[in-house]
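Colleague: After the structure tokens below, expect a handful of questions from me.
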Amino acid sequence: MVMEVGILDAGGLRALLRERAAQCLLLDCRSFFAFNAGHIVGSVNVRFSTIVRRRAKGAMGLEHIVPNTELRGRLLAGAYHAVVLLDERSAALDGAKRDGTLALAAGALCREARSTQVFFLQGGYEAFSASCPELCSKQSTPMGLSLPLSTSVPDSAESGCSSCSTPLYDQGGPVEILSFLYLGSAYHASRKDMLDALGITALINVSANCPNHFEGHYQYKSIPVEDNHKADISSWFNEAIDFIDSIKDAGGRVFVHCQAGISRSATICLAYLMRTNRVKLDEAFEFVKQRRSIISPNFSFMGQLLQFESQVLAPHCSAEAGSPAMAVLDRGTSTTTVFNFPVSIPVHPTNSALNYLQSPITTSPSC
């Protein structure tokens, strides 16, 4: 199919942004992971699930390309002078996969936004960031805040180590998941200097027994769940996500913690990424793990996240997206794989359900 898409190089886009930035819509067709690692300032990440892609059969609707109602309304009203599509490094649109995000986005725009000129960025983000780094935003190295730690460890943080050492999950500081979302342990939540240095304005305490140390200084949200295979953490997902969004919309930052910042709080962060960015669990897991390598939601929480994935990515396609987590509970199933992530709580299922796991189950302190 011949599509009326113009070509811009890095210099052309730079000139366009300097002259008419407010009338230029940048649609970044790379993965969520790549987009968050670095992107052109003001660009919007285009993502949709595999099931939505398959059901579209090559003709994706504009509501999937630009899900934001306000942006889509402006686009259809002709408020944008130009829409620029980009991927990582493609030299030409002709080389894009026919069922790939870039080609589907171009097709939808040419069909439904005919009043706006559509361009393809030659060389993609890679070429533009090399030529115009000042117009790009790159995430800093995913490490926690480096502040001096006291030699004493709170009684609530059992380390299993000598009394004079700091457990791994309390070392460093809270890690940045997104610019407004941080993850860490109960110890970090007790360090007002760390929280203030990061600009934290609210905390989500995902535990039944960790205290809220500074209720007069920060806004708190309590999610009183235990870290065991009986706990229903998924019933809190939407409430936690809405809380995070409310703090973000107010210009604040949220720190999510449990006891060790390994299982419960990590689960909440994963659920947030999955729903708000429409990404699969494995992609969200890898994204968070690169920032806090010790995350390890327990077996049950992983199952609940998989069920949440099927709801988030295909709300109207439940028959096609049944949760693999249910395979573990169905004694008659022949499924051989559930997920490939380490989990923190040892599970003792019946009927040889352990055979479904490809990764070893590790143990850790209550987290």
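Each residue's number is its place along the chain shown, starting with 1.
Glycine is no exception: its Cβ is also placed from the backbone N, Cα and C atoms.
Heads up, here are the entries from Swiss-Prot:
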- Cys258: active site, phosphocysteine intermediate (ACT_SITE)
- 20-137: domain 'Rhodanese' (DOMAIN)
- 173-314: domain 'Tyrosine-protein phosphatase' (DOMAIN)
- Ser359: phosphoserine (MOD_RES)
- Ser364: phosphoserine (MOD_RES)
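Are these features on the surface or tucked inside, and what are their neighbours?
Modeller: When the domain 'Rhodanese' (20-137) is classified with DSSP, helix, strand and coil residues number 55 helix, 22 strand, 41 coil.
Note: the domain 'Tyrosine-protein phosphatase' (173-314) comprises 65 helix, 20 strand, 57 coil (DSSP; helix = H, G, I, strand = E, B).
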